[in-house]
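Taken from TrEMBL, the feature domain 'Sugar phosphate transporter' covers 12-303. TrEMBL lists 12-30, 42-60, 81-101, 133-152, 158-178, 190-211, 231-252, 286-303 with the feature transmembrane segment.
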Amino acid sequence: MTDRRQIREATRIFILCVFWYLISSSNNVIGKLVLNEFPYPMTLTMVQLLSISLYSGPLLKCWNIRPGLQSSFSKDYYWKLIIPLAFGKFLSSVFSHISIWKVPVSFAHTVKASMPLFTVVLSRVLMGEKQTLPVYLSLIPIIMGVAVATVTEISFDLVGMWSALIATCGFSLQNIFSKKVLHDTGVHHLRLLHMLGQLALLMFTPVWAIFDLWNIIQHVNIKQDANMFMIFIYLFADGLLNWLQNVVAFSLLHLVTPLTYAVANASKRIAVISFSLFMLRNPVTSTNVAGMALAIFGVLYYNKAKYDANLQKKKFTVLPLVNHSNGGVSVGHRFALNRFQHI
């Protein structure tokens with residue numbers, strides 16, 4: 001009976017991973033196709049924010065995810081963390097779309113593999129968080145891999161590279177402060193996603209209208225033979241796939257260990273790069289591919305080093321201070337408390 005349950009669970013996780021890879025790969029390829037015909041990265045971002053705002057509400061009701069007392073933020077907390085997170089979500093997404101517009105999807109995602117570097121540096125500067133030596137060493141192959149891929153990229157574009165770096169830095173900041181909000185308030189991750197999507201949409205609709213709307217109406221930078229109906233279909237598909245990607249990633253995170261999720265996430269980047277190379281046929285050299293592979297290896301090594309460091313930290317945390325026989329806290333109870341704090 002236990003074996004059957006484990007097989008069912010493993011099958012479910014495998015199907016979710018495959019689904020996640022397909023959604024993410026398709027989302028990036030469709031985004032690239034849209035931007036080739038419809039060069040408005042800010043509009044693509046607004047479509048994704050609108051999709052999050054429209055689709056997340058019914059899903060939260062369907063899954064019976066209530067707001068709860070934990071999700072009521074003070075005015076000060078709201079302005080210090082929630083508003084900046086919404087602002088960062090929009091800007092990071094815009095720069096991410098600029099990057100895949102200007103450079104191949106494969107190169108953009110190789111640059112984004114540098115996220116651990118930004119996370120380590122920003123965590124140190126903002127939170128004073130120190131890392132172990134293996135974690136620092138794991139950054140070397142990431143930096144080398146991204147450098148090799150950049151130097152050997154045939155379709156290199158400076159704006160595209162910098163946009164990918166800025167987007168990666170923005171996503172790293174979002175990860176750091178989103179974790180803080182989740183830890184401080186206990187708000188459900190999907191509800192936080194819904195809230196940030198709504199706020200970002202509300203804040204930047206006027207900005208989008210000023211920069212993009214009039215140009216779209218005037219058909220500025222849109223090819224004369226462009227099929228507007230197909231562009232509309234692609235935009236709809238991109239928004240839906242982006243929302244699904246968030247939901248599937250969250251579901252997977254709750255089914256597997258942090259290390260398994262991190263490895264699956266790195267494997268997803270490999271899938272996105274491979275799928276984009278196959279579908280979009282952008283030219284690459286063997287050295288360029290080697291650089292991509294080295295960067296992805298560095299990410300996998302970083303995930304393992306980070307997992308080991310967290311495991312070591314937990315071992316120190318679970319040491320009992322008082323014997324259970326004397327009315328104190330046992331090792332098992334202390335471990336349960338520590339695990340609850342890391343959910």
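Heads up, the Cβ atoms here are built off N, Cα and C, so glycines get one too.
Against the transmembrane segment (12-30), the recorded stretches 133-152, 231-252, 286-303 differ in Cβ pairs under 8 Å, and the greatest number is found for 231-252. Only sequence-distant pairs (6 or more apart) were considered; of these, at least three Cβ pairs between the transmembrane segment (231-252) and the transmembrane segment (190-211) are under 8 A, so the stretches are in contact.
Model confidence over the domain 'Sugar phosphate transporter' (12-303) is summarised by a mean pLDDT of 88. The highest tally of CB pairs under 8 A with the transmembrane segment (81-101), across 42-60, 133-152, 158-178, 190-211, 286-303, is held by 158-178. Outside the transmembrane segment (133-152), and at least 6 residues removed from its termini, the chain residues within Cβ reach (under 8 Å) are 107, 110-111, 113-114, 116-117, 120, 161, 285, 287-288, 290-299, 301-302, 304-306, 308-309.
Through the fold, the transmembrane segment (158-178) approaches residues 81, 84-85, 88-89, 91-93, 95-96, 98-103, 107-108, 111-112, 114-115, 118-119, 122-123, 126-127, 150, 192 of its own chain, all at least 6 residues removed from its boundaries and within a Cβ separation under 8 Å. Proximity of distant same-chain residues to the transmembrane segment (286-303), defined by a Cβ-Cβ separation under 8 Å and at least 6 residues beyond the stretch ends, is recorded for 106, 110, 113-116, 135, 138-154, 259, 262-263, 266, 269-270, 273.
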